[in-house]
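Peer 1: As annotated by TrEMBL, active site applies to Lys277, Arg351. Residues or ranges marked as Mn(2+) 2 binding site by TrEMBL: Lys265, Asp270, Asp288, Glu349. For Asp270, Asp347, Glu349, the entry in TrEMBL reads Mn(2+) 1 binding site. Residues or ranges marked as domain 'Cytosol aminopeptidase' by TrEMBL: 345-352.
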Amino acid sequence: MKFTVVNNRFFENEQECILVGLFNAPEFTGELAELDSKFDGHLTELVKSGDLSSKLNAVSKVHTFGKIPAKRLVFIGLGKAKELSFDGLREAIGKASKSIQEMKISSFAVALDTLSTDQLDASDIAHAVSEAFTMATYRFPGYKHKGNVPETFINNLTAFSQEDSAEIEAALQVGYAHGRGVNSARALVNAPGNILTSTKLADYATEIGKKYEFEVEILDKEEMEKLGMGALLAVNQGSVEPPKMIVLKYQGRDEWNDVIGLVGKGITFDTGGYSLKPKDGIVGMKTDMGGAAAVLGAMEIIGELKPEQNVVAVIPSTDNMVSGNAFKPDDVITAMSGKTIEVLNTDAEGRLALADGMTYAKHHGANYLVDVATLTGGVIVALGNDKTGALTNDEALFEQVLEASSEAGEFIWRLPYTENDKKRVRSSKIADLNNSPGREGHAIMGGAFVGEFAEGTPWVHLDIAGTATSKSDHNLGPAGATGVMARTLALLVERFESSEK
Ligand code: BES
Ligand code: MN
Ligand code: ZN
């Protein structure tokens with residue numbers, strides 16, 4: 001995508017399509033008043049008749065009939081200027097981008113200053129525009145021979161603004177990097193389990209590692225055996241696909257300290273194992289590597305933006321299958337940390353994979369840990385499909401995650417994590433832990449189990465079982481994978497402040 005910032009007034013330029021923001025106001029002012037006079041006051045008429053609406057998210061297309069050099073204007077309603085948030089603007093631009101995409105044009109322009117409010121500066125707006133456009137126009141190409149939709153025809157974005165061009169261009173690039181990270185995560189999650197195996201996921205990680213000069217380490221089964229990763233290996237036991245422990249290291253500072261560990265659940269397909277899922281519950285389980293995808297998407301954003309931070313990304317990956325070799329309920333396994341685990345449910349496999357992922361992130365020097373996982377159906381029961389569930393052992397780190405998520409517009413809700421919850425995951429009579437202490441509060445149990453492997457390191461758990469996919473189209477993308485948490489994780493890293501002084 002090519003970005004151009006132009007300091008002219010937007011209606012003086014030839015363009016296929018210009019996006020213009022429309023706030024709820026008694027009359028046109030500034031550039032919009034000038035535009036209206038070029039239309040001999042007809043825009044005012046259109047507003048009066050309701051054909052042009054300033055209602056938030058209303059899209060109105062207006063042909064210019066040669067009144068100005070641009071062919072068409074797409075107005076996006078932004079509601080009351082005082083009430084428009086960064087998030088609200090991003091959603092509105094997403095909505096408008098979708099109808100611009102349908103025009104099948106190759107470039108579009110945006111009148112940036114018509115989107116500005118007291119609370120949003122030109123950089124925020126430029127960021128929101130390119131991020132929203134990139135996310136909203138994402139399409140999964142799929143595997144049909146006919147009727148595949150290309151992602152977008154548009155490869156040129158011109159921003160008209162009177163503000164500093166260099167700053168605006170930089171902000172457009174930042175928003176674009178964020179949007180692309182999300183779309184990469186979506187592409188991974190949408191890929192089926194037979195195509196995106198753990199080996200392929202590792203290949204993909206290796207590729208981005210090369211592109212951004214990350215240190216890459218991919219552990220194979222033998223190396224895992226040597227390191228005693230008995231929890232991830234147990235999940236892999238029934239599979240013909242080899243497991244992978246994927247590690248990417250990004251060092252943005254001189255010293256390898258204050259390392260943020262991002263641990264993503266990379267189950268490429270979850271049948272449930274011997275605790276087999278019912279047939280309707282299996283369909284869709286190709287998305288069980290949503291946490292891994294979020295972490296890789298974030299790493300792509302980090303690779304583009306190069307913040308002065310240290311990050312280690314760890315992805316324990318396998319599928320969860322049945323066979324004569326598969327692990328079984330009642331098995332007792334030993335995780336890399338040394339803790340023994342009684343397996344009561346082979347469908348609670350994500351926490352097992354994450355257990356070794358967490359330990360291995362610490363092994364690579366992680367001083368802070370955030371794990372992301374499509375971990376439990378329980379989180380969907382508790383919070384629905386639009387809220388990510390969180391658990392933490394550290395207020396300060398959670399605060400930073402929460403701030404990043406609100407900037408990304410990705411809702412997080414914290415669940416309680418009490419001594420009693422810890423007791424329940426430690427309630428096995430024969431092992432240190434049990435992987436399934438029962439249905440009650442099981443989103444908490446999933447997180448609490450993973451927390452046993454943080455062992456005092458500040459940690460936040462994010463359960464994205466509900467948010468990793470969307471049943472329907474939305475303003476910022478199509479139905480299917482959402483790429484949720486890629487931007488939250490990237491923003492957490494970009495804005496991170498160590499609690500150690
Ligand atoms: N991958 C599933 C969780 C899931 C469910 C993700 C629905 C997306 C949509 C996870 O491995 C799982 O099976 N969890 C069990 C845990 C239970 C056995 C303790 C669940 O939530 O039922
Ligand atoms: Mn499962
Ligand atoms: Zn799973």
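Backbone N, Cα and C atoms are what each Cβ position is placed from, and that goes for glycine too.
What you see is a predicted model, and the numbers here were worked out from it, not measured in a lab.
Please situate the listed features within the shown structure.
Peer 2: Of all Cβ atoms in the protein chains displayed, 16 besides its own lie within 10 Å of the Cβ of Lys277 (active site).
When secondary structure is read from DSSP and collapsed to three states, Arg351 (active site) falls in the helix class.
For Asp288 (Mn(2+) 2 binding site), the count of additional Cβ atoms within 10 Å of its Cβ stands at 27 [all protein chains shown].
Remark: Asp347 (Mn(2+) 1 binding site) has Asp270, Gly272, Gly273, Ser275, Leu276, Lys277, Asn320 as non-local neighbours, by Cβ distance under 8 Å and separation of at least 6 in sequence.
Only residues 6 or more beyond the boundaries of the domain 'Cytosol aminopeptidase' (345-352), in the same chain, are considered here, and those with a CB under 8 A from a CB of the stretch are 231-232, 234-235, 265, 267, 270, 272-277, 288, 320, 326-329, 333, 335, 373-375, 435-436, 446, 449-450.
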Peer 1: Within 8 Å of the Cβ centre of Asp270, Asp347, Glu349, which other residues of the chain have their Cβ, at the recorded Mn(2+) 1 site?
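Peer 2: Going along the sequence, the neighbours appear as Val235, Ile267, Thr271, Gly272, Gly273, Ser275, Lys277, Met285, Asp288, Asn320, Thr346, Ala348, Gly350.
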Peer 1: Taking only the residues in the domain 'Cytosol aminopeptidase' (345-352), give me the average pLDDT of this model.
Peer 2: 98
Peer 1: Measuring Cα to Cα, how many angstrom lie between Arg351 (active site) and Lys265 (Mn(2+) 2 binding site)?
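Peer 2: Rounded to a whole number, the Cα-Cα distance is 8 Å.
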Peer 1: Test of understanding: give the count of other CB atoms lying within 10 angstroms of the CB of Glu349 (Mn(2+) 2 binding site).
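Peer 2: Other Cβ atoms found within 10 Å: 29.
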Peer 1: Using a Cβ cut-off under 8 Å and a sequence separation of 6 or more, which residues in the same chain sit near Lys265 (Mn(2+) 2 binding site)?
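Peer 2: Listed in sequence order, they are Asp288, Met289, Gly290, Gly291, Ala292, Pro316, Gly350, Ala353, Leu354, Gly357, Asp371, Val372, Ala373, Thr374, Leu375.
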